[in-house]
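Below is one structure, written out as structure tokens; the observations come after it.
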Ligand SMILES: Nc1ncnc2c1ncn2[C@@H]1O[C@H](C[S@+](CC[C@H]([NH3+])C(=O)[O-])CC(=O)[O-])[C@@H](O)[C@H]1O
């Protein structure tokens, strides 16, 4: 069974103390809800992941754990087969004792676009909302963060994260909690909060921005990355049905609309630091994610459009600072 004890041990002296009292029952409930799905099978696989302390660990320029020289060919093949049970691997890439997990997404490319613009993470407490397999959490640690907490309700992503953590060693101050953002109380605690690739999945984007704001200390930094469209501050696309074959896409604002939303939610120093059309090289099918990918979501005759005729995915990164609350707006 997945244990959250190292989370409690490492976080217990922090300003998050009051939250920790309610967490065990929430996490216990999550485990009970998933006990009839694939989770028990995945937990058995996790329990087989025992490896020597890695000779090399790099989180600064990639996520690489172990040079590969510590395992025999047979041991490496066994590791590869165990990790394959957690397919599809969407977010990465990872290099784990010589096993190269070529994921659907080049999440490292997103990180390289974002990291030059954020406040240095050195010694900061960080929350990554919708962290997926946790790829960016390791990179946050590589930038010197003191503690990284990721939340994501997906049991598969949790197990992928746990697999990497078991190989990296349990002492790293990085923790995954299987929660949705709506399950967090207002913690007012984190120095930096990331929400990357989540806002368009939320039915109420302004509430999402408030929920993110509630996790930050005053003066803390929000890093918000989401799908955008071209237009002015009143332009927002709400897809009629699917967007890029996804049935859970709600609001795609223009950059100016998004900046207005952040202003209205009492953020200051709001700036758009990157806008990027997702390339077919950044999101594609691989051996580790053999299902459909971006090329199948775009119009085969015009890749500037999705199969539904909407603008193809374009992502913006906005950075903003939490201000003192303006009581009139709440
Ligand atoms: N209510 C919720 N609360 C928290 N997370 C959620 C919720 N609902 C869905 N998610 C999670 O949000 C993530 C969105 S992916 C971004 C991954 C990473 N951040 C990336 O930037 O590559 C989208 C993308 O591929 O862009 C998924 O892992 C969901 O399980």
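Positions of Cβ are set from backbone N, Cα and C atoms, glycine also.
Same-site candidate for carboxy-S-adenosyl-L-methionine binding, as annotated by TrEMBL with 91, 105, 110, 152, 153, 154, 181, 182, 196, 200, 315, chosen from 68, 130, 219, 220: 130.
According to DSSP, residue 200 (carboxy-S-adenosyl-L-methionine binding site) sits within a helical segment. According to DSSP, residue 152 (carboxy-S-adenosyl-L-methionine binding site) sits in a coil region rather than a helix or strand. In the three-state DSSP reading, residue 91 (carboxy-S-adenosyl-L-methionine binding site) counts as strand. Summary for the binding-site residues 152, 182: the Cβ-based neighbour count within 10 Å is maximal at 152.
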